[in-house]
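For reference, the structure is listed below as structure tokens.
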Amino acid sequence: MLTLTRQQQRQNIRWLLCLSVLMLLALLLSLCAGEQWISPGDWFTPRGELFVWQIRLPRMLAVLLVGAALAISGAVMQALFENPLAEPGLLGVSNGAGVGLIAAVLLGQGQLPNWALGLCAIAGALIITLILLRFARRHLSTSRLLLAGVALGIICSALMTWAIYFSTSVDLRQLMYWMMGGFGGVDWRQSWLMLALIPVLLWICCQSRPMNMLALGEISARQLGLPMWFWRNVLVAATGWMVGVSVALAGAIGFIGLVIPHILRLCGLTDHRVLLPGCALAGASALLLADIVARLALAAAELPIGVVTATLGAPVFIWLLLKAGR
């Protein structure tokens with residue numbers, strides 16, 4: 001038994017090391033790749049100072065943090081709701097951020113600065129989170145809370161569709177592209193949004209013990225003494241914050257929160273002491289690679305990163321499911 005435990009620990013360490021190396025390679029490639037390839041030896045030239053440090057570095061940091069936040073949010077939701085299909089958009093938080101953004105554009109008549117739009121997106125996500133917490137205070141079961149989130153997401157999606165359909169504003173129509181996900185407008189002015197993600201990410205990565213209890217199921221977690229009401233509220237609030245900030249930075253990006261945790265579980269990473277940091281590393285790496293493809297696929301334009309993640313990730317996910325089912 002002890003030998004099996006040590007073998008599992010060594011395998012977990014190897015996985016984390018491999019994911020760390022993959023993320024470092026993706027970081028280097030993200031800084032080098034673009035319309036002009038800039039090798040590391042040219043990073044401190046005048047051309048490198050402009051393209052690498054002023055344009056590519058803030059974008060790379062945003063992609064890294066958003067990828068980690070979405071993947072960890074997916075892992076948290078899948079444990080909280082005991083559902084492998086749970087993901088950050090499931091509770092309606094992503095759509096709530098979109099409603100906040102569209103409301104800001106309508107009320108501000110397209111004159112609000114980007115930082116104000118970002119704040120409105122976060123506010124929309126937090127409003128949906130507060131509504132969910134209101135439901136949670138009534139001590140609803142996990143399945144009922146999940147259904148409440150799905151219903152809120154449908155309502156927010158309908159509101160966005162109505163607003164965009166009847167709008168004649170060019171800015172509002174351009175938001176449809178933004179809601180498909182993209183990091184094209186990210187620079188150092190959005191650094192406050194990046195900093196807002198770091199404390200929550202680090203805190204959740206340290207909560208492996210309650211997450212392992214939640215993964216056993218609601219009844220087992222209660223029997224082990226876990227205060228379900230407290231942890232449900234805290235985790236829903238933390239997830240709402242991370243998703244709201246991520247949508248404010250890059251729009252709605254699918255696939256990462258759904259598939260990354262599931263892929264790691266198929267690979268044998270079930271302990272949240274390893275799964276949570278593994279999700280952060282794998283989510284960051286996957287989104288960095290998708291961002292590179294989005295930048296380089298077309299010569300005169302940039303693809304929405306949400307389209308890239310779905311196109312590249314869905315076949316891989318299906319292949320892994322078929323492989324696991326054999």
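The backbone N, Cα and C atoms fix where each Cβ goes, and this holds for glycine too.
Here is what Swiss-Prot records for this protein:
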- 15-35: transmembrane segment (TRANSMEM)
- 61-81: transmembrane segment (TRANSMEM)
- 88-108: transmembrane segment (TRANSMEM)
- 112-132: transmembrane segment (TRANSMEM)
- 146-166: transmembrane segment (TRANSMEM)
- 184-204: transmembrane segment (TRANSMEM)
- 240-260: transmembrane segment (TRANSMEM)
- 274-294: transmembrane segment (TRANSMEM)
- 302-322: transmembrane segment (TRANSMEM)
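Within its own chain, the transmembrane segment (302-322) is flanked in space by residues 177, 180-184, 250-256, 259, 262-263, 266, 286-287, 289-291, 293-295, which lie at least six positions past its ends and keep a Cβ under 8 Å from the stretch. Counted over residue pairs 6 or more apart, the CB atoms of the transmembrane segment (146-166) and the transmembrane segment (88-108) come under 8 Å in at least three pairs, which marks the two as touching. Proximity of the transmembrane segment (112-132) to the transmembrane segment (240-260) is established through 3 or more Cβ-Cβ distances under 8 Å for residue pairs spaced 6 or more apart.
Pairs of Cβ atoms less than 8 Å apart link the transmembrane segment (61-81) most often to 274-294, out of 15-35, 88-108, 184-204, 240-260, 274-294. Take the transmembrane segment (274-294) and the stretches 15-35, 88-108, 240-260: counting Cβ pairs under 8 Å, 15-35 has the most.
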